[in-house]
Every structure is written in C-alpha cells, then in structure tokens.
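What TrEMBL records for this protein:
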| type | residues | note |
| --- | --- | --- |
| TRANSMEM | A:12-38 | transmembrane segment |
| TRANSMEM | A:44-71 | transmembrane segment |
| TRANSMEM | A:83-104 | transmembrane segment |
| TRANSMEM | A:116-140 | transmembrane segment |
| TRANSMEM | A:171-199 | transmembrane segment |
| TRANSMEM | A:205-228 | transmembrane segment |
| TRANSMEM | A:240-259 | transmembrane segment |
| TRANSMEM | A:271-289 | transmembrane segment |
C-alpha cells in the first residue's frame, strides 16, 4: 500500500511505516522509553530525509507519551513542580537547538553531527545500563539482594546556589540542576527527534537523586511538552514535519505500546533492563560502523530556496 | 482530436506557404500530472508527427530526440570524504540551474546522430547538461561534481538516458515512453522534440507539462509552507488525539 508523503516528497509503503512504528511501540511499552532513538535512525535507513525523520519522530513521541502521562498522574507519579522546571529548561533547549540545527545545516554537517551524537549518547548510556543490569541479574541468580543504594544527589548538584523544595521528588535542591538537564534534553529533542527519556531517567536517578516512584512519570511529562514545542519549532523553522508520516508511525506505536506493556509484565525487570541495554548498544554499534564505512551515496543534494 | 487539428493546420500552413522545412507536431499523453496519496510515479507517452513539405517523407531516415526536463533548481551538491576515519561532507559545489528531472530519449545513440558540438548546444544527453555552476572552481573538480550528481540522480530515476527508445513509424509518426518517479519535484516541465538529419537539427517543438500536488497533498504542503504555525498546532493536536484515543481504546479491551 503506497502512500505519498507530502512533505518528504516521496512515496512509502504505509504498512512498513506502521510496522516500524509498531516495533518501536512494543519496545517503548516494554521499557517505558519513548523509542525516538530507534525511530529516527530507522526512518533515515528507510530513505526518509534526516531532517524530516527527526522532525516527524518528535511529533510521534508527543502522541506516544500522552497515555503514559495520564496513567502516571492518576497514580500521583508526576512531580509537576519538577516537571515544570524541566519543561522551562527544555523550551530554552529547543530554541537553542533550532539555532544550532540551522548553523549545522548551512555547514552541511547536520547528518554527521546527528550520527556522532547518537553514537556517543547511546554508547555511553547503553554501557552504563548494561553494567548496572548485569550486576543485578547476577545478584538475582545467586538469590542475593543488591544493597539498596543510598539515594543522594550528585555533589555537583549539591553545590549549586539557590534551593527549592520538591515535595513529591523528596528533594531540597537548586532548581538550576533540573533546568540545565531540561535544557540539554531539549537540544537533543530538536536535533535527534528523541524525547530524551533514556538520558533523563538515569540523570534523574543518579544525578538529582529523585525518588524512583516519580521518575518515569515526570520524565514523560517533560517529554510530552518538550516534543510538543519541538514540533512547533520545526514547523516554523525547518518546515520538515510530515504529518502523514507522523500519523502512520503513531498508528503503529500506539498499538505496539499496549502489546509491549503486556510483555513487560511477564519478564523480571532486571532482564528487561539488560535487554534494553543490549538493544541500545546494538543501535550505537550499527551507527558507529556506518560512520567508518564508505556510504552508499558520496554525494548529497540540498535545495537552495 | 486536438492533435489531429494541429496536424491539419500545420499541413495547410506548409502547403500554402510552400515552406521547404519539415515541421514537428508533438503531443504528450498527459499535460497535467497530479500527485495524490497513492502516487508512485507516472508514465508519459510523448508522440507526434513529422510534417514534411509536400507531404512525403524523404528517402533518407531522420532521427528524433525527445528531452523531458523538470524545473531548474538552485542546489548545493556536497561530497563526502573520509577524514580521521569517518565519512563527512568535506567539499561542496553550487549549481544555479540543475534540472530536478531530466530524461532524454532518441531513435539512435546520440553520438551517431549529431557531433559533440551540436549535442552540447542542444544539451543532448546527460554529459551535456548545463547546470550553471556558481563561483569559480576548477574544471576538473566541476566535472567530478557533475558526474557525481548525474550518477546519484540516475540511480534515483530522476535522470535518464534512453538511447534507441524512440520509435519512428513510416518516417512520419514517432513515439517515446518516459517514466517519472514519485520523488520528482513539482513545477512546469518541458517536453522538447528535435528532428535531426545529417547531424543538423531541422525542427524543434516544445510542449509544457504541469506536475503538481493535488487535493489533500496540496493542502498539507501549502499549509506547511504558508501557515507554519497553524500546521504545527494541527500536527500537535492530531498527535495528542491519536495518543489519547489509543490509550482509551486499549484500556477497554
């Protein structure tokens, strides 16, 4: 079934895109991540121009985080105050990211930068996750319990001036820390089309020291608003949001997420984390190899308006 | 019917004025190509008649060259090179008038029909494209970039050279088939037909073809371009609605 994408200016097989969205949806349902880090590279691999892929993927992430935010807020799993600070940081991040995007595009280096950032980010976070989950899987096999980690924020965070109380997160820290974290993930959202959950969740746990019960909900809350702003910024600057592409992806991912959530209940969380870590590392390795190999196309055309 | 009338008119003109040059009466199967949701490309039939003074074709064979060309675009062509172990865009070149689509069909291989000079003047063939490079770069580099662009677009089906694909019937009717892929740019295309004999272009004629988005696709493209704020809001709302709906539907199942 061929569908013409009016912004990407090419026709794609709708079933392939829906299937791709479904696959990403299953993973996001299983692991509680947005899955943007898979959507963008897969779309580029399929032949969608990188800018359109990143812009439309961020639109899709908005849709796929809605029901998560609703579910978590019912459970009181969202710290709105913390989320608000993160969103403000995120909005500044998207604006700064848009400026950076334009400069890199003019230099012709946007694709390379997207790839390198992906490799570094996925490689380091995947590595950390793999290390942590391997330790807990081993402990699980031996029947031991890992010593409960003391929940503490990073000394760097403790040294920042000005302190606020974040009741739901159980924190008394400077709002500058989440503001900066939001800013960084905002840049990533614009550049890569990712929600940034896979950066935010570990940062909230290990840098800010937030309570685990509000981490995922608050992260989803921030992702929802920042991808929303990112869609607007892309619409106004790059004009690369393909609404048809986003809808096809969403049809797949919304369905897939429900299936994924059911799979997740059948697997122990330690194994789930190890699986996710493996997947992230595989994507990073594939992209890293791609940087070094002679690409299929040496030449690329960019239209001047 | 239109074509028939035109042929009749031309014939009359030729007979009345007693002109000695042949005249081409070209037509295309589709003057207006509409890009809609299921668009996967189009196949065009370019055909027509060669009207000779006196009405009888000469004993010697003539050749036909048909060129279908998309709107000229201003582009930057970037070239990747391996630097410090990774492939990055290292060089670039600007062209002010690269056609977004170019296809040439001829009744025999072009080098057998005309000499190099004539081929260059009439832009017969992919080697003779005039792209107006901007800035001063050395001819060696220019050739490399040109070859890169032609090769890239050829593999994407945007540039093609089909020698020997024009059929000429009884020396007076000709036809050629050219396909355009889904990824073509929109705009006004020109279909040029040339009648060539003894290395000389005897007659030429042009028809225009409009390639445009239509209906829903046109609406989306226009809103995105001219009302970006509305477009962004719509994209967000659609995405929120679908996400929310999915959650509601699946909770009930």
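Every residue, even glycine, has its Cβ placed from backbone N, Cα and C.
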For the transmembrane segment (A:83-104), sequence-distant contacts whose Cβ falls under 8 Å of one of its Cβ atoms, 6 or more beyond its ends: 110, 113, 175, 178-191, 200, 218, 221-222, 225-226, 229-230, 233-234, 237-238
Against the transmembrane segment (A:12-38), which of these stretches has the most C-beta pairs under 8 Å: A:116-140, A:171-199, A:240-259, A:271-289? A:240-259
Recorded stretch, among A:44-71, A:116-140, A:205-228, A:240-259, maximising Cβ pairs under 8 Å relative to the transmembrane segment (A:271-289): A:116-140
Tell me if the transmembrane segment (A:171-199) touches the transmembrane segment (A:205-228). I count contact as 3 or more CB pairs below 8 A, with pairs 6 or more residues apart. yes
Spatial neighbours of the transmembrane segment (A:240-259) far in sequence, C-beta under 8 Å, 6+ residues away: 3-8, 12, 14, 17-29, 35, 39, 43, 48-49, 51-52, 54-57, 59-60, 63-64, 67, 231, 234
Sequence-distant contacts of the transmembrane segment (A:171-199), meaning Cβ under 8 Å and at least 6 residues beyond its ends, amount to 32-34, 36-37, 39-40, 53-58, 61, 65, 82, 85-98, 100-101, 113-114, 117-118, 121-122, 125, 153, 157-158, 160-165, 207-210, 219-220, 222-223, 226-227, 229-230, 233-234, 280
